[in-house]
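Presented below is the structure to which this report refers.
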Amino acid sequence: MVIEEHKDVESGNSNGFQDVQEPFIQQRKDVESNKRVENGSIGMVLLSTLVTVCGSFSFGTCVGYSAPTQAAIRTDLNISLAQFSMFGSLVTIGAMLGAITSGRITDFIGRKGAMRISTGFCISGWLALFFSQDPYTLDIGRLITGYGIGVISYVVPIYIAEIAPKNLRGGLATTNQLMIVIGASVTFLLGSIINWRQLALAGLVPCICLLIGLWFIPESPRWLAKVGLEKEFQVALRRLRGRDVDISEEADEILDYIVTLQSLPKTKLLDLFQSKHLRSVVIGVGLMVCQQSVGINGIGFYTAETFVAAGFSSGKVGTIAYACMQVPFTLLGAILMDKSGRRPLIMASAGGTFLGCFITGIAFFLKGQSLLLEWTPILAVAGVLIYVAAFSIGLGPVPWVIMSEIFPIHVKGTAGSLVVLINWLGAWVVSYTFNFLMTWSSPGTLFFYAGCSLLTILFVEKLVPETKGKTLEEIQASINS
């Protein structure tokens, strides 16, 4: 029999080997199919990401609005420093309220619906600012825009994570942070050219772009599957992956996971602290605490004052340098996200914020001791710029990316709201206490933030998993197993 088969081969007939070849041919087809699913037609994914990060840009414009407008608003409306400080803080209070409700809104009406509602709040807030003639209207406008960006800060990274292929998810999710810093930087620069009312009108532009763009992009397939819209789920996934791509494996994986989760009871806030969800909550909350505890909202909001305190006659140049440093390094973080992984990037970033805070603290210490006074401004600039570069590359974007990846879809609304609330609460605490701490001890404040950076490295090393190259279902199953 074997001799006859060899004779067949020699005569050009390979039928005898078809059964042997078949498994290898099938395996190759499977690999090629998986490759097509991962690479697919990313045009719609990129368009969807571009549209949704208009919300992130709006977030940045809102955060960056108060810094360049302080003097003009106080003069035009004749308000005190205390009243303007209240105006500045209301965006954070509004964002905390938005964070509390963001998860429920996003789960109930969908990711696109939540973006529409948040954009409506932002538009209303910007118009209130434009037409305001007294501090009360000004405060209402600021509070409303704060609520809008509180919802945006949750829904944008969630939507991007749910639509992106696993091999592109990290880089695409980082565009959220990139557009936030671009929005803040553009607002700061525009604020030196146009008046504060015109700047409020400029804040409408990304909101309008988002509202228009939402008509052309699909809803999150995972949300559609969760609410039982299976036909719409298939259509949305097909639009995102391309017509010629086999989506059956990815669709089955998502649907199987949804079926498993739907057998579980609805999650309340206290349920998050059960053992099966506790690790995800600790990781999500812990990363947001780490992000804020290194002092970004103190150093960022009071950059000009920091440079003046270090010995500069004006803080304007330092503030512009700070704003310009954020964009390229956040972009670099987006490029590295899916190459180096989340853990190495955030630990390297925390190491950089430690170095930046330590150098700046040394500068303030030398100034306080009247030592090497010609070097203190140079050290302060170097320290702050190292700090912002390091933060932008990892600690800025990575916690938001990981937050969007680690929570199962049935607890994502409740858990995401909690995590975003903690982030905004931390931002308020740091920005509120920064001036008091700097008055107590400038070098001590910077050394404290440096110590928090070291604790961040330890936290990530011990508790945070690597999520690069895994599907959301794989990540969540591994954390909660």
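Glycine too: its Cβ is placed from the backbone N, Cα and C atoms.
Whatever TrEMBL says is automated annotation, not expert-curated.
Annotated features in TrEMBL:
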type     : residues : note
DOMAIN   : 48-468   : domain 'Major facilitator superfamily (MFS) profile'
TRANSMEM : 45-67    : transmembrane segment
TRANSMEM : 79-101   : transmembrane segment
TRANSMEM : 113-132  : transmembrane segment
TRANSMEM : 144-164  : transmembrane segment
TRANSMEM : 176-194  : transmembrane segment
TRANSMEM : 200-217  : transmembrane segment
TRANSMEM : 278-299  : transmembrane segment
TRANSMEM : 319-337  : transmembrane segment
TRANSMEM : 344-366  : transmembrane segment
TRANSMEM : 378-402  : transmembrane segment
TRANSMEM : 414-434  : transmembrane segment
TRANSMEM : 446-464  : transmembrane segment
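Sequence-distant neighbours of the transmembrane segment (378-402) (same chain, 6+ residues past either end, Cβ-Cβ under 8 Å): 157, 161, 169-170, 173-174, 176-178, 181, 283-284, 287-288, 290-291, 294, 296, 299-300, 303, 306-307, 310-312, 318, 321-322, 325-326, 329-330, 332-334, 336-337, 342, 345-353, 355-364, 366, 423, 446, 456, 464, 467.
Of the candidate ranges 113-132, 144-164, 200-217, 319-337, 144-164 has the most C-beta pairs within less than 8 angstroms of the transmembrane segment (79-101). When Cβ-Cβ distances below 8 Å are used as the criterion, the transmembrane segment (45-67) is approached by residues 84, 87-88, 91, 115, 118-119, 122, 125, 145-146, 148-149, 152-153, 155-156, 159-160, 163-165, 168, 172, 175-188, 191, 199-200, 202-203, 206-207, 209-210, 213-214, 216-218, 240, 301, 319 of the same chain, each at least six residues removed from its ends. Between the transmembrane segment (319-337) and the transmembrane segment (176-194) there are 3 or more Cβ pairs closer than 8 Å, counting only residues 6 or more apart in sequence, so the two stretches are in contact. Per-residue pLDDT, averaged over the domain 'Major facilitator superfamily (MFS) profile' (48-468), rounds to 85.
For the transmembrane segment (200-217), the list of distant contacts is 44, 47-48, 50-52, 54-55, 57-58, 61-62, 65, 112, 115-116, 119, 122-123, 126-127, 129-130, 141, 145, 183, 187, 190, 194: same-chain residues at least six beyond its ends, Cβ to Cβ under 8 Å.
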